[in-house]
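Taken from TrEMBL as is:
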DOMAIN    92-178  domain 'Glycosyl hydrolase family 98 putative carbohydrate-binding module'
DOMAIN    495-574  domain 'Bacterial Ig'
DOMAIN    581-658  domain 'Bacterial Ig'
DOMAIN    662-740  domain 'Bacterial Ig'
Amino acid sequence: MKTVTKHLFILFISFLFSIMYFTPSFTENAHAAGNVLKLTSDLLSSSTDDDLYWDEWSDSESFEDSNGRVIDEGFGFEPSYYNEGWMYAEFDIHDYNYTTLETTISLENKWRTGDRGKTEFVIYADNQKIFSKTFTNKTPSQQLKLPIPKGTAKLTFYVLMEKGSQGNHGAIFGYPRLTNALPPSPSVDKLSLVRNIGAAETSYYRDVYFWDWGNRGPFELTDGSLVPTAVAFEPYFNDTTRMYAAFKVEDYTDDYSTLETQISLENGWRTGDLGKTEAIIYADNVKLYSKTFTNTTPIQNVKLSLPKGTKYITFFAVQEHGNQGNHGLIFVDPVLTKERSFLPADHSLALAEIGTSETSYYRDVYYGKWYSLAFQMAEGNLVARGYGLSPYFDDASETYATFYVGDYQYPTLETKISLDNKWRTGDRGKSVVYIYADDKLIYNKTFDNKTPTQNVIAAIPSKTEYIQFRVRHLRGKSGLTHGVIFENPLLTNRPNPPSVNEITDKTTIVTGKARPNTLVKIKVNGKTIASTKANSSGTFSVKIPIQKQGTEVFITATNIEENKESIPTKIVVKKAVTITAPQVNPVSDRDTKVTGKTKAGAKVIVKAGSVTLGEATAGKDGKFSITIKAQKAGTVLLVIAMDKTNNTSATTKVTVQDKTPPIAPQVNRVTDRDTKVTGKTEANAKVVVKAGKNKLGEAKAGKDGRFSVKIKAQKAGTILEVVSIDASGNISKGTKIKVQK
């Protein structure tokens, strides 16, 4: 009986233990099938098989959380090889519409003593990281309840281990299940360059890493966190200073406008003299990002707009090694998103894509680096693309590189020119830089140790066949010289600077010529005060507020499609030249031309009020003749002259004279008994009646044009002539009438 009682007591205690420790997990997994979906091996689509364990470590060794409780459902990770630290399990859930992931995460309790390093638990819903946490020996187990983005197709569980001197942890995901406990998080549209697209091209394959550092462990950011996916660089050979990975994205960049990533040095390699590392990102020929990293540089969060239609995104790590080695550089899980607006499409052509057609001695010309040393601009930053010219032989005085561009008709060459910063000390003389388009010099500057980087935008003449970079090396007393860098030289569609006519302190209209259909902007003190579009022939005219003498006005032309703005044309406002008001000859209401004299070559404009009637250019003698429609008598004409620099004269006013005679008057019948001549004519005109040369009488017509002129009675048969005279003295034709009996 005592034995039975003892057994019953043990069973009762076991029952209480199960209630205390397992009831939550069991009840949570005991929902109806429609409310809970356990993540089992049936849903597993991919994993690191040898590192993945289901429900237990072995038949004799259970999963045990940090509190010592047995976890009898779930999966765990423990490296099958000592040097492994990157493990994962991916589950396909696209057929299920659950909103929540629930699980218990814990280190295996039995392996939490001694130096076992640290372990990162990371969970992704497709390309969206939904959880990440670093665990050490003392980190307690954690219950997770995470909303899943709407439309998630795959859940991926990563475990990353940085081993300690006494081994590594075991990582457990206990009772993993999908539920509807929480509302779903918003859907996320991202493409991972590493997981979804893959690199199209890299530098030496042993310089580039995507999942971890191989047998050296996982990627560790400077904040100590471990990450499962990245584009990372660390040189395999000691003399490597330039590394890259290019991703072909042209199938996606009509929709995905943004590149997002974090950039960090590898935390394990940040002590001692490790030099510096330049992180650079290109979208085709457009440099989107560049930053110099040293041991103390924190993680950088990067979100960059892409040019519309980008074909390749290229990540560079360029290094200047220190006395104790070099860094590792990590671009964390770069993804394409739709967060930002596109940059305008870029249609430039790199000279590197064309290649040199001729050079001075082949060892004078370098691309991308000085053999085992990085190109370093005068400001200290390192660059990934460009040509370097430095004489190989001590007695060489000139170096050059020539490019055949005759198959391409671009209007502009763009580059940045600098002396390499490493060789700007001591007496190195001077370096004279020339750029030729065929035989025409389009750029020239003398560089010495103190010359900063020069931003060069040079116009290329039409039909140019060759572009040549040439450097004349004027050595110092030491016999040493410089290295000259032409960073990423490009042929572009940037417009040439517009040509602009003179602007004075009376100018209200700026005129000139630019590339056809470009946007012309007028700027003062950095602000745009006016803009217009050049027409199909390239001419433009735009109104501006009057500017003071001495004001600097900058005029640019912008290629609207690519948003490339020309370098500005600077015009200093001059004092206006006074033009005398034009001399104008009298104008009558019968004239169809306005004539006169003004400044030779001036444009003369005739207006009536605000209406322009006509304009013409004065000849070399200053005379002008402007065709207009005949104007009514009394109309005031405004005549102004404007010279080629838009200086405007005072206005000459001319009143149109009345030179049109009245119509011959209508005269009523007159008899030998009448003492009045009556009829109708122009209103208010003076009416005169004559018989031969004898004036018989006159009178003024009324407002209605009717008149009555007193005369003595005339003999029958007498011929009377009646005329009207208007206020301007114009005399009508005579109306003749015969006196009746």
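Just so it is clear, glycine is given a Cβ too, placed from its N, Cα and C backbone atoms.
Just so it is clear, the model here is predicted, and its values are computed rather than measured.
Per DSSP, the secondary structure of the domain 'Bacterial Ig' (581-658) breaks down as 0 helix, 39 strand, 39 coil. With helix defined as DSSP H, G or I and strand as E or B, the domain 'Bacterial Ig' (495-574) counts 0 helix, 41 strand, 39 coil. When each of 92-178, 581-658, 662-740 is checked for Cβ pairs under 8 Å to the domain 'Bacterial Ig' (495-574), 581-658 comes out on top. Remark: secondary structure over the domain 'Bacterial Ig' (662-740) totals 0 helix, 39 strand, 40 coil, with classes taken from DSSP. Note on the domain 'Bacterial Ig' (662-740): its mean pLDDT in the predicted model is 94. Here the domain 'Glycosyl hydrolase family 98 putative carbohydrate-binding module' (92-178) has, by DSSP, the following mix of helix, strand and coil residues: 3 helix, 51 strand, 33 coil.
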